[in-house]
Each structure stands twice: as C-alpha cells, then as structure tokens.
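Let me begin by presenting the structure, written as structure tokens, before commenting on it.
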Amino acid sequence: TNSGFVVRITQAGLDYAHQHGIAILEKELAQLKLSDISGDSRVGRVGKVRYELSRLRLRDFHLPYSRITPISNVGLQVSISNAFAELDGDWRVKFLFVRDHGSFDLKVENVYIKISLRLGSDTTGKPTISTSDCSTRISKVRVLFSGKFGWLYNLFHSNIESRFQKILEDKICEIVDKSVQNELQTYVRTLPVTARIDAKTGIDYSLVAPPRATAQSLDADLKGEFYSLANRSTVPFSPLPLAFPSDHDRMVYFGASSYFFNTAGIAYREAGALVFEITEDMIPKDTGFKLETSTFSAFIPQLEEMYPNMPMKFRLSTPTAPFLTIGPGGISLKPVVDAQAYVILPDSSLAPLFLLSLVRNVSAVINVRSDHIVGSLDVGRIRLSLKDSAVGTFEVRMMQSLMNILTSSTLLPRLNARLDEGFPLPLLDRIQLSNILVKFYQNFLLLGADVHFQPK
C-alpha cells in the first residue's frame, strides 16, 4: 500500500549522520580493553622464549577516513580505511638463563573495517537497525620493546604482532556490533510512531514497511494518518503514490500527501472538534454590529416581530469532513459549513431560527517552524443557501456580507491560531531543522531541510 507520509534522507543527510556515528564509534574503540597475553615462541632446537604482556593500555584509536553508502535493496554500508591505533604495556620474558622486563609500544596501522547495516521495522512500526556483516583487516602491526637485549626481542616479536593482529581484528567487530546495538539502535527507536497533537487527536507515523535504500538516498514510508483519540475508524480512501522529485540539495525531505491532510479533517470531525459556536462576546467591537435579532431583521422582517431585540448565537458544523487538494499551485479546499442560528430566550434556552449552508473557497499557506508543520488559511467570499427556516423564507443573498464578516472575524482567527501551533514532524530525538524548503507537487507537499544534531 502507498504511504501517507514519506521521509527521505539524502546522501548529504547520511554523511552528516555518519560523522556523528563515527565519532561515537571512535570513542567506543578508544575504550577497548585487552586482557594480559602470555605464550611461548620456539627458537629452533635451543628452547622456548616465554613471554608475558600485561597492563595493556590503548592510548587512542583514530578513524580518519570513512564513508557511508546506501546499497539498493540491502541497507547501508560503512567503509573505514587507514585507521590506526597505539597501545602500550609492560612485558616480561624468560629464555634459558636470561630474564628481562620492560615496557613496549604497539602501533597498529592501515586498519580497514567494512560494516553492513540491515534496516527493518518492528511490530509497532518503529525502525530497527542491526549489523548484518562486519569485517576487519589490519595490514601492519609494529611492536617496539624497551630493554637491554635487542637480539632477544627479535626471537618473539613477530609472534606478538600476529597475536595482536588477530585479537584486534576480532575485538573491533565486537565493539562495532555492540555500538550499533546499544547506541544506534537505541537512537533510531526515538522516532515517534504516534504523536499526540492535543486532547482529541493524534498522528500515526508508524512505518508501513522497512526503510529502503536506493542508490542516492534512504526512504522511509510512514502511515501518515491523523486519528481521533476517542474513536479511530477506517479512512474511506487510500493514499496516492508520491512522485518524489530528484532534488537532493537538503539533508532530509518530507513528503506530506493530500491523504495526510485529509485524514486530519476526518479525525477532527470525529472528535467533535469541528463544531464552533459564535456568540456576542466573540465579535470584535470594530465590526459595527451586534449579534441580535434586530441586526438580522433587515433581511428577515418577521424576526423582529417574533423575537424583538433578543440575543442570538450561531453553531457552525461540518456535514462532511473538509476535503483538500494539493497541486503545483498550492493547497485549496472548498469546505461546506452548516450555520444554525438560534435566538437566546430569557430563560437561556435556545430556539432555532434558520439553517444556512456556507460554501467558501479557502487556500492554505504552509511552512515549517522548529519541528512542526504550521499554516494559515486565506478565505474568499462566502456563498450562502437556505437549508431550513423556522421564521419563514427570506433572501439569503442579502445576508452574504454580514455572514462573511461574522465568520472572518470570529471563526478564521480561531482556526489560524490552531494552525499556528502546528503539527509535529516525525523527527528523531535531539534533531533541529534549518534551511527550510517548501514546494507543492501533485497530491503532496514537499518539505526539505538541513538538520542539526544536538549531542547529549
């Protein structure tokens, strides 16, 4: 199935993540612990050299050259070359009647490490990452002994160097696997698969399939669906495929489909959040009218006879969830709103007056602020039709300007205030976005950004 929301990490984004990952791995390798080493090295028919190496200390481990590559249908490959390390420790040796001891330095050069990372998802829709393969090759190990008997060290140093090479080749991949499991896997699981928006709604950002690597990027297909916290129902339509452009200037891109936005309308309607009431105290003073029967009696003469100079209120609701379209020109929608007018009786009860149908052309402006999609609505003129009336028939066309002012001065500011709070993007922990790009394509909105990772 198609996803409602797509996240693309470009090569630039992978390179940035790779820098931080390598820095972590370098620290992990620098803390590598080595056990004491002892053994024998036979010298022809003369006998054996018995050696012991203790108090082994890794001074540093450097990974100066590395790169990360997405491999189609496989995952990610990290290649590290020309790495080097330095160790020191104490040694003790026994050969025939000769005994000696001292310290030594060990230089490990031309270390090559190749790591393959498998990408997946678990049953909750969170991403997973693991080491599918790791290999280490060390081209050069040099050990330098301090002491009086130079000829003696030559009897066993090659044995020591080969043992160190084998131990380090095994240890490095152990640390890589541990670092991926403890650091990288823990971090990718900070991706929120559900994001609570408010007391009534949330967004489902769970993965619908494992992340997939292409030759140029890493793509993650997310469900991208708003839902009501009280009553989650099946969405009556499916997402359309998103034709991502070949734009790789930013580190990360988000594709928010029309499905994503349209499920918001369904979720808010099911949660009862698309019902608004307009009362006198909500109308700005500069509009020049009061919400009472005397104002509307100019259009409905019988209203003044039935309910003279009495306060009114409107209840706005949507008979169907608003449905928007996204195209190269932007986002547009034509919501239908029912406006039920009431008179407020002296005992505070309500008497229905008339029911209007309001249709309005609406366009949306979208942006990204911090880690949220934010927006605002711009509305055109309203079109009215009379659906029901308890005060007789009347000409609604004359009321259009009044209703236009009424909804623009009360309803629109409330909607824009909510849109200005925004909706959270699916971001890993401690990620900040910058250099934002917003573009519209057929059936989806493309958001591009560079990222900044804030270490703990």
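From the backbone N, Cα and C atoms, a Cβ is placed for every residue, glycine too.
The domain 'Lipid-binding serum glycoprotein N-terminal' feature in TrEMBL is assigned to 8-231. Taken from TrEMBL, the feature disulfide bond covers Cys134-Cys173. Per TrEMBL, the feature domain 'Lipid-binding serum glycoprotein C-terminal' maps to 246-449.
Taking Cβ-Cβ distances under 8 Å and a sequence gap of 6 or more within the same chain, the neighbours of Cys173 (disulfide bond) are Ile113, Cys134, Ser135, Thr136. Taken as a whole, the domain 'Lipid-binding serum glycoprotein N-terminal' (8-231) shows an average pLDDT of 91 in this prediction. The Cβ neighbour count for Cys134 (disulfide bond), using a 10 Å radius over every protein chain in view, is 18.
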